[in-house]
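Chemist: Handing you this structure, nothing more for now.
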Amino acid sequence: MSGFDGYKIPANLKKDFTPDETNEMRRAYQAFDINGDGHIDADELKSVLDNLGERMSADALNKMIDEVDTDGNKTVEWDEFCQMMHNIRNGKGEAAMAQVVKKAAKMFNVEGAGGAVHTFSEEERDAFTLHLNNCLGKDPDLSNMPMKIDSMELFENCQDGLMLCKLINLAEEGSVDERALNKKKNMNVYQKTENQNLAINAARAIGCQVVNVGAMDLIEGRPILILGLIWQIIKLQLTSNISLKDCPELVLLLEDGEELEDLLKLSAEDILLRWFNYHLKNAGSARRVTNFGGDLKDSECYSILLNQITKCGLVGAGDDKAKATQVIANANAMGVESFIQPNDIVKGNKKLNLGFCAQIFNTNSGLVISEEELADFDFAGLDLDDAGDTREERIFRMWINSLNIDGLYINDLFGDLTDGVAILKIMDKVEPGIVSWRKVNMSPKNKFKRVENCNYAVTLAKQMKFSMVNIGGLDICDKNKKLILGIIWQLMRRHTINILTNLTPGDKLVTDNEIIQWANDKVKSGGKPSSIRNFNDSSIASGQFLLDLCASVESRAVDPSIVSSGSTPEAKLNNARYAISVARKIGACVFLTPEDIVEVKSKMVLMFVASLWNASLSMA
């Protein structure tokens, strides 16, 4: 959503603040919420204090947050921030964090050159600028490349959405159909908005958690929001192939008692830490890394890692900055196109260190295993090319992750749901308040407790009128893939239908037939002759009906010269690709692939049309 629409003053506090004061509070909150995830944590608070020239211990930072944190999650949410400001106004005491807010008031309006203090990380801005120059510097559509380092050009170049969409395609090829992009110079606001909508919705579709970020925020060049989005995309770009499917040699990282399935549960960050420590151990070092921050500040571990992989020699004596400089030089010599700087290592910048480690891994992991040794592992039992990595499974993971559920990010759909807690969190997001959390074992220690959670999830699914024939909690706990996919699909559908129902008259849930009727009526009103009988209609495969529907929702969004009759398999795929990107630039958050359209996967087509209806109502 655009601007600050996502931050509403709690109803019981509205009378305490004027509209201008409310806007100032929103700006203040966003200035502190550096990564734009809707939470102010200790690291973000420290960043603001650093910019103010103040130093504070970790304990003091946590205490400052605890004074305001009412739900005990160690972060400050918008409602808690509002309550803090309310308490100040009503003489109920001034929390230490409120004093920081007052002192940082001049920092809330982030300005360009001219000496203004920035609340964002200039190191990250410069690093991301360098990375984008490396990756997109020669792109013919980006006339302002390369960008000047140590400048605000990064934010200026993001204002039309074109560079963001190009970056998304680097993270996952084909996510954005460039035929749907507006590429001309001096775009108007409508054209920029289309590109930004496409960027935001495509980012969600590849697993980014985009919260309270709208097209206008990006058009206005809001640094904090832009850096948060860019980092998520870069992180995916650098880590998406760090998986067992793409790197079977990761079996070398298995620990005693573990099986291949245990590796599937690990995030890319956890795999990188294991990989780092694998090389440290093999080098005979007693050092181990547990994070991408303080453990790497002295560059010793980096030095050992690179020497173990390339035999480049250990870095010599010197201060930490000198050693970091040599480490980066050694990495560059092996082909790493790094964007980290020596000071970033010395300061323990977690994001940039993570990116640097991923670049080293992607260039040369140093993991060597023979075909004969690999044959000893039962990869067939993992179904890496079957249900465990089907389009459907991946789409459901991306959808769940886009919901930005606190403390939940799904790496392995089937493995991550086995304790029941994750699926209950998803249910509570889809139907707020449906879960009685006192009934939930939040940290189940044994299978009995896990099954108990999963049984509760099945009970709630039946309460939501889901089809749950012959499904029990044990099926979820035992990773029954077909049944889990069925439950998640129904949750995804309900979530979309709930949104649609809230935007249409009446209280009854919108039905499939009503969605089909809306689509046919909309296409007819746009003067198009196409129609569908149901979501299994074979004519959907050509992509023409969906493009006609997009054009009827927003006529300017579709270029008729690009649309074909869809008479060949290739033509059908091209139409499908174009339809997905057009829907996203209209504002529809759709989760499907071109193949889903061509193969007429009715579930995915239903979600596409329902999401378009949502978008059209939001535009009204």
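Each Cβ is built from the backbone N, Cα and C atoms, and glycine gets one as well.
Checked TrEMBL, it gives:
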DOMAIN    20-55  domain 'EF-hand'
DOMAIN    56-91  domain 'EF-hand'
DOMAIN    122-238  domain 'Calponin-homology (CH)'
DOMAIN    266-365  domain 'Calponin-homology (CH)'
DOMAIN    390-496  domain 'Calponin-homology (CH)'
DOMAIN    509-617  domain 'Calponin-homology (CH)'
Chemist: Most CB pairs under 8 Å with the domain 'Calponin-homology (CH)' (390-496): which of 122-238, 266-365, 509-617?
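Modeler: Per the Cβ count, the answer is 509-617.
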Chemist: Mind checking how the domain 'Calponin-homology (CH)' (266-365) divides into helix, strand and coil residues in DSSP?
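Modeler: Helix, strand and coil residues of the domain 'Calponin-homology (CH)' (266-365) number 62 helix, 0 strand, 38 coil.
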Chemist: State the mean pLDDT for the domain 'EF-hand' (20-55).
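Modeler: Taking every residue of the domain 'EF-hand' (20-55) together, the mean pLDDT is 71.
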Chemist: Kindly report the helix/strand/coil residue split of the domain 'Calponin-homology (CH)' (509-617) according to DSSP, in that order.
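Modeler: The composition, in the requested order, is 74 helix, 0 strand, 35 coil.
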